[in-house]
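Accompanying notes for the structure given below.
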Amino acid sequence: MTEARVSRGALAALLRALCALGCLLGRAAAAPSPIIKFPGDVAPKTDKELAVQYLNTFYGCPKESCNLFVLKDTLKKMQKFFGLPQTGELDQSTIETMRKPRCGNPDVANYNFFPRKPKWDKNQITYRIIGYTPDLDPQTVDDAFARAFQVWSDVTPLRFSRIHDGEADIMINFGRWEHGDGYPFDGKDGLLAHAFAPGPGVGGDSHFDDDELRTLGEGQVVRVKYGNADGEYCKFPFRFNGKEYTSCTDTGRSDGFLWCSTTYNFDKDGKYGFCPHEALFTMGGNADGQPCKFPFRFQGTSYDSCTTEGRTDGYRWCGTTEDYDRDKEYGFCPETAMSTVGGNSEGAPCVLPFTFLGNKHESCTSAGRSDGKLWCATTSNYDDDRKWGFCPDQGYSLFLVAAHEFGHAMGLEHSQDPGALMAPIYTYTKNFRLSHDDIQGIQELYGASPDIDTGTGPTPTLGPVTPELCKQDIVFDGISQIRGEIFFFKDRFIWRTVTPRDKPTGPLLVATFWPELPEKIDAVYEDPQEEKAVFFAGNEYWVYSASTLERGYPKPLTSLGLPPGVQKVDAAFNWSKNKKTYIFAGDKFWRYNEVKKKMDPGFPKLIADAWNAIPDNLDAVVDLQGGGHSYFFKGAYYLKLENQSLKSVKFGSIKSDWLGC
C-alpha cells in the first residue's frame, strides 16, 4: 500500500513538473489535458463489440454464430425497427441508436420475458416495493411508482394496490450488475431497467438499475430536512449573497452542513433547508432514520465515514451507534446533492476544490477524458488518492422508466412507434401523455376503462397519434437546416435528412435532441455564425447550443425586440444574402441583427411589400447553405426564390419534392 502511494505521489510530482515546464516553454497556447485511464472506469466497447452484444441481447443473434452474414441480416431488422436506412452496415446513425440508454427487454420475441402473449387474468393487481434508491427520498419514489401505475389504470379496468408484506403480483426492486434474475445490468447508462411479463414467480417483477441517477428527469431531486422549509425541494440554481449556486453548499455555515434555498432568491425569500446527509438521517436499515454515529465499529475496525464494507451490492451504510458489532443498528447513507455516479467511490460526494494533474478545479470537469463527461474527485487531491466519480446530470425520470416497465409487467412488448411510451429507447418528455399506440395495445389485452364515457357516438381516438409522412398531408410547424441537416417539425416529432432529394428518416421525438422544448413549436432557425438553434413557441423563444439549452431560456419575445402585441411567430430564417435573421408574424416581418443582438430600425414591414409573391401567415422558411435560394412553406406547397433577384423560380409540392413521397 505504501509503495503504491509513493508511486502515485511520484507520478503526480512528475506530471506537475511537466506542466510547469510546459508553461515555461510556451504560455501562448495552453496544452489540453492529457487523456488518462481512470481506475474503475469501464472501457468503451468498439463498434463491432457493441453491435454483437446489442444484436444478441435485443434481436436474438447468437454471440457464437453472429458472423458477418448473420450480423448483416440482423442489423437490417434492427434498423427497420428504429426506422433507420436498412443498410446492414454499422453506419453512424445505427451506432448512435445502439449507444442510447434504453430498456433491457428485447425488441423481438424472447420467451423468457414474453411467453405466448401473457396477460393477467384479473383486474386487481398488487405491487410491493422491496428496496429504494438512495437518489430519491422514499416519498418521492412511492409517488413516482403510484403515478406510473396510474398511467395504465386510467385507460383500462386494471386497478393497482400496494402491499407492504408478502408476495405481490409485481415485486419492485433496485439492483446493480448481476442482481439475482440472470439478466445483469451494465453500470451507468446503457440498460436502465427490465421487467417480466405477467405470470407466477418472477412474472410482473420490475427491476431498476441502481447505477443510474434516478431523478424526475430534470436533475437531482433534493428534498430538504429541517430549516424553515422542511419537506420542500431545493431550487437549483438559487441565489445567495448575490451569487448563484447550482448545488447544495455549506457557504455561510460554520458547522459544515450542506443547505439549499427552496426558492430562487434566498436573499429575498429566506426559505431554506438542509440537504440529505448521513449526519442528519439514514434511510432503510433498522435504525428508523437515526443519523450515522461516527466513528463506529464494524468487525473490529473503526469507520469515520459511510462504507460499503460487508455488502456485495455497493450501497453505502453506517452504524447508528458507536458499536455496530454490539448493537447491530444501521442505516443506508442518503445521497447528497453532489453525490457521484459510477467511478470508484461508491457514490461518495464531490470534494471541491480538488487537484488533478497539479491543477486546482473548483467545479466538475471533463479534463482527462475523451468522452467529455463531467467528473470530480471525492477527495481533495485526485493525484494522491485517485478517487473519483461522475458528476450528477439530468438523470433518468423514475416515473417514465417505471411506466414503461409496468407496461411490460402488463404484457406489452416494445413498440416501433417512436412516440410511444413502449418504445425501447429512453427519451425524457416533460409533459407526458400516453400515445394512441400504447392505449390501443393495452386495451387489446384488457379493454377500456369503465370510467371513460364514450357516449353513443363513435369511439374517440385516445392519445396523440404519430403522423406518417406519405399517408397524410402534413402542415409542418417548422423547417430548418441545423448543423448541416434539414429538420422537419410536427408537434412532438421530427424527421431529418441531409438533402431534399433524400427521403427524411424518422420520426423521432423532438425531445431526443431538445428535451426542454414544449410539445409544439411555431418556428425555428439556426444562427450560422454561432451555430445555435433558436426555437419559438407562443410568446417565448429558446436558444440551444447543440442539445444544451442556453442559461436563462426561455425568454419572452419582447427581449428579442419584438413588440408586446406579437404573441406568436409564424416563421424565421437567417438569410445568407446579408447574414440577417428575418422573423415573420401574420402579414409583417422584422429583421434581426445577430451581431448587434437587436432589431434593425425601420421594421416591421409588410410581407407583400418586400417579398415577391410570398403569402402572409407562413408555416416555415429555410435558406439551404450554399444553394443560393430560399424556400417559403405554406400548407402543402412551397415557393422557391432566387436570393439575389428575389424572383420566384418554382412553385411545388412539399410531399413530392421534399419528402420523397
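Using the three backbone atoms N, Cα and C, a Cβ is placed for every residue, glycine included.
Copied from Swiss-Prot, the annotated features are:
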| type | residues | note |
| --- | --- | --- |
| BINDING | CYS103, HIS404, HIS408, HIS414 | Zn(2+) 1 binding site |
| BINDING | ASP135, ASP210, GLU212 | Ca(2+) 1 binding site |
| BINDING | ASP169, GLY201, GLY203, ASP205 | Ca(2+) 2 binding site |
| BINDING | HIS179, ASP181, HIS194, HIS207 | Zn(2+) 2 binding site |
| BINDING | ASP186, GLY187, ASP209, GLU212 | Ca(2+) 3 binding site |
| DOMAIN | 229-277 | domain 'Fibronectin type-II 1' |
| BINDING | ASP477, ASP522, ASP570, ASP619 | Ca(2+) 4 binding site |
| REPEAT | 566-614 | repeat 'Hemopexin 3' |
| REPEAT | 615-661 | repeat 'Hemopexin 4' |
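Here the features listed in Swiss-Prot are placed on the structure.
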| residue | record | contacts (Cβ under 8 Å, 6+ apart) |
| --- | --- | --- |
| ASP169 | Ca(2+) 2 binding site | TRP120, ILE125, THR126, TYR127, PRO198, GLY203, GLY204 |
| GLY187 | Ca(2+) 3 binding site | VAL42, ARG176, TRP177, ASP211, GLY342 |
| ASP205 | Ca(2+) 2 binding site | ILE170, MET171, ILE172, ASN173, ASP181, ALA195, PHE196, ALA409 |
| GLU212 | Ca(2+) 1 binding site | PRO101, LYS188, ASP189, LEU192, VAL341, GLY395, TYR396 |
| HIS414 | Zn(2+) 1 binding site | CYS103, ASN105, PRO106, ASP107, MET422, ALA423, PRO424 |
| ASP477 | Ca(2+) 4 binding site | PHE489, LYS490, ASP491, LYS520, ILE521, ASP522, ALA523, ASP619, ALA620 |
CB contacts under 8 angstroms to ASP209 (Ca(2+) 3 binding site), restricted to the same chain and 6+ apart in sequence, sorted by sequence, are GLY104, PHE174, GLY175, ARG176, PHE185, ASP186, LEU191, LEU192, ALA193
Check: min Cα-Cα distance from ASP210 (Ca(2+) 1 binding site) over binding-site residues HIS179, GLY201, HIS404, HIS408 goes to HIS179
Model confidence for the repeat 'Hemopexin 3' (566-614), as mean pLDDT, reads 92
Which one of these binding-site residues, ASP135, ASP181, ASP522, ASP570, ASP619, has the sparsest Cβ neighbourhood, judged by other Cβ atoms within 10 angstroms?
-> ASP181
Looking at the binding-site residues ASP135, HIS194, ASP570, which has the shortest Cα distance to HIS404 (Zn(2+) 1 binding site)?
-> HIS194
Other same-chain residues whose Cβ falls within 8 Å of the Cβ centroid of HIS179, ASP181, HIS194, HIS207, the recorded Zn(2+) 2 site, in sequence order = GLY104, ASN173, GLY175, GLY180, TYR183, PRO184, PHE185, ALA193, ASP205
Compared by Cα position, which of the binding-site residues HIS179, HIS194, HIS207, HIS408, ASP570 is the closest one to ASP135 (Ca(2+) 1 binding site)?
-> HIS207
Could you tell me which of these binding-site residues, HIS179, HIS207, HIS404, HIS408, has the fewest other Cβ atoms within 10 Å of its Cβ?
-> HIS179
Assigned element (helix, strand, coil) containing ASP209 (Ca(2+) 3 binding site), judged by DSSP = strand
Cα-to-Cα gap, HIS179 (Zn(2+) 2 binding site) vs GLY201 (Ca(2+) 2 binding site), nearest whole Å | 16
Taking HIS194 (Zn(2+) 2 binding site) as the reference, which of GLY201, HIS408, ASP570 (the binding-site residues) have a CA within 10 A of its CA?
-> HIS408
Residues close to Ca(2+) 2 site centre defined by ASP169, GLY201, GLY203, ASP205, Cβ within 8 Å | ILE170, MET171, PHE196, PRO198, GLY199, PRO200, VAL202, GLY204
Where does ASP135 (Ca(2+) 1 binding site) sit in the DSSP three-state scheme?
-> coil
Here the binding-site residues are GLY201, HIS207, ASP570, and the Cα closest to that of HIS408 (Zn(2+) 1 binding site) is found at HIS207
